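Peer 1: My questions will all concern the structure given below.
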Amino acid sequence: MGNCCGNPSSATNQSKQGKPKNKNNPFYSNEYATTDRSGAGFKLSVLKDPTGHDISLQYDLGREVGRGEFGITYLCTDKETGEKYACKSISKKKLRTAVDIEDVRREVEIMKHMPKHPNVVSLKDSFEDDDAVHIVMELCEGGELFDRIVARGHYTERAAAAVMKTIVEVVQICHKQGVMHRDLKPENFLFANKKETSALKAIDFGLSVFFKPGEQFNEIVGSPYYMAPEVLRRNYGPEIDVWSAGVILYILLCGVPPFWAETEQGVAQAIIRSVIDFKRDPWPRVSDSAKDLVRKMLEPDPKKRLTAAQVLEHTWILNAKKAPNVSLGETVKARLKQFSVMNKLKKRALRVIAEHLSVEEAAGIKEAFEMMDVNKRGKINLEELKYGLQKAGQQIADTDLQILMEATDVDGDGTLNYSEFVAVSVHLKKMANDEHLHKAFNFFDQNQSGYIEIDELREALNDELDNTSSEEVIAAIMQDVDTDKDGRISYEEFVAMMKAGTDWRKASRQYSRERFNSLSLKLMRDGSLQLEGET
């Protein structure tokens, strides 16, 4: 459910402005009033067994340290002990579908269920009032995994082995507890503090689920680069976490993802083909043992893929302290930096898009549903959807509409209820035009010159960067995005950056789910999802 921990740069910026005022609960306002579909107020209950109702009795909320699709994370202080924690406050107004509500509920249940572990962020308390859910957890202020690697002067295979051992130990403890993570990626690992010996911690269980041995899942979730082929085939189990860890290992060793393309469909097809490139620099210098582990973690057949326990027994991990201590080269560090930096800029832009759409998406959806639901059954069929969209001036091909209907019809009854219709509406709004990208661009282009200049970039990313490397990072972004080298970023260059590699549409998790469901159906129909040897 987004970054639960602090960005250390925020603390630096705040200290310049004086001591922040504590706020008991930022969600007590009309802006967050919750209404049902008829417009009347009602109390939505999200958590099964919260610690309490009023967080302000036990904690003081301080400055904002992070922001995600659904919530804002604050530094918070235990009034009794003075201990510092992170508090993720999720507005109920943002939880528009049953899926959103279930995600939050399950995230808290999983965090409660997980045993204390040095590499897993721990839950302290949870609160629920009429307007929001508040999740109080361990505070991590040591920064992101890739940022620390880049900051170190010497990056080696031995360092990568130590990181991978930690990540796979997290996977192992999750699987032992009957939890499938489903969203392992570098951004979901933070260091507890700035010390060199700081523990690396898994921070986000927003897409995680409980599973039983042999149980298979079909919901497409996660981030495109890290998705296992069986996720796209919509038939998977906990083996997907080992695949995702294998993708991270590949990136740790060479600085780029193993399966990359300009479009989401291209990424999906590269994942299905599962061809691993060991020719580019620095792979010729990487040990055979490391390459062997990468191959076995990125085995396309989940039955043949190593388990987390088997990864930890692999010679490269067992002998992590003896792994080559020779630098992997400046190229790998530069790639990792670029990967991390571009994620920061995209995250900032996605946040602008998400904040804009959060208001826009809700407008008119209820009225549109009621207009299409002519029989007042509380659900609409394909013909009603098609007729309603045509009436609204949306011309969608029958085949695309059928795919969209199948992707969003969660209960499989051939109709869409209101919750499912919300997902369709969000999907269609984002497909219709690039208005949201224009709005994000305009957010950065503060003087409305038609270009993002270096000062505007610096201002927009102020909260994302620490003072020690900010100028270097800004220069790196400009170098990558400014393709015509005129010292500024045009709208066309901005759009190209947003659409490359990761899908900008992930501004909405619900949309991302439906988008990849739709893509999966297309790939099934054209035969792309068949395993080798299948007919």
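Even glycines carry a Cβ here, placed using N, Cα and C.
Annotations for this protein, taken from Swiss-Prot, read as follows:
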- 1-29: region 'Disordered' (REGION)
- 59-317: domain 'Protein kinase' (DOMAIN)
- ASP183: active site, proton acceptor (ACT_SITE)
- SER223: phosphoserine (MOD_RES)
- 323-353: region 'Autoinhibitory domain' (REGION)
- 360-395: domain 'EF-hand 1' (DOMAIN)
- 396-431: domain 'EF-hand 2' (DOMAIN)
- 432-467: domain 'EF-hand 3' (DOMAIN)
- ASP445, ASN447, SER449, TYR451, GLU456: Ca(2+) 3 binding site (BINDING)
- 468-504: domain 'EF-hand 4' (DOMAIN)
- SER490: phosphoserine (MOD_RES)
Peer 1: Please list, in sequence order, the residues in the chain of ASP445 (Ca(2+) 3 binding site) that are at least six apart in sequence and whose C-beta is under 8 Å away from its C-beta.
Peer 2: TYR451, ILE452, GLU456
Peer 1: How many Å lie between the Cα of SER449 (Ca(2+) 3 binding site) and the Cα of SER490 (phosphoserine)?
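Peer 2: That comes out at 10 Å between the alpha carbons.
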Peer 1: Long-range same-chain neighbours of ASN447 (Ca(2+) 3 binding site), Cβ under 8 Å, sequence gap at least 6?
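Peer 2: Listed in sequence order: GLU453, GLU456.
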Peer 1: Determine which residues of the same chain, besides ASP445, ASN447, SER449, TYR451, GLU456, have their CB within 8 A of the center of the CB atoms at the recorded Ca(2+) 3 site, and list them by sequence.
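Peer 2: Going along the sequence, the neighbours come out as PHE444, GLN446, GLN448, GLY450, ILE452, GLU453, ARG488.
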Peer 1: What is the interatomic distance between the Cα atoms of SER223 (phosphoserine) and SER490 (phosphoserine), given in whole Å?
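Peer 2: Checking the Cα atoms of SER223 (phosphoserine) and SER490 (phosphoserine) gives a distance of 27 Å.
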Peer 1: Take every residue in the region 'Autoinhibitory domain' (323-353), average their pLDDT values, and give the whole-number result.
Peer 2: 63
Peer 1: How many neighbouring Cβ atoms, not counting its own, are there within 10 Å of the Cβ of SER449 (Ca(2+) 3 binding site)?
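Peer 2: For SER449 (Ca(2+) 3 binding site), the count of other Cβ atoms within 10 Å is 10.
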Peer 1: In sequence order, which residues at least six apart in the same chain have a CB under 8 Å from the CB of the residue listed as 'active site, proton acceptor'?
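Peer 2: Correct list: ASP204, GLY206, LEU207, SER208, VAL221, GLY222, SER223, TYR226, SER244.
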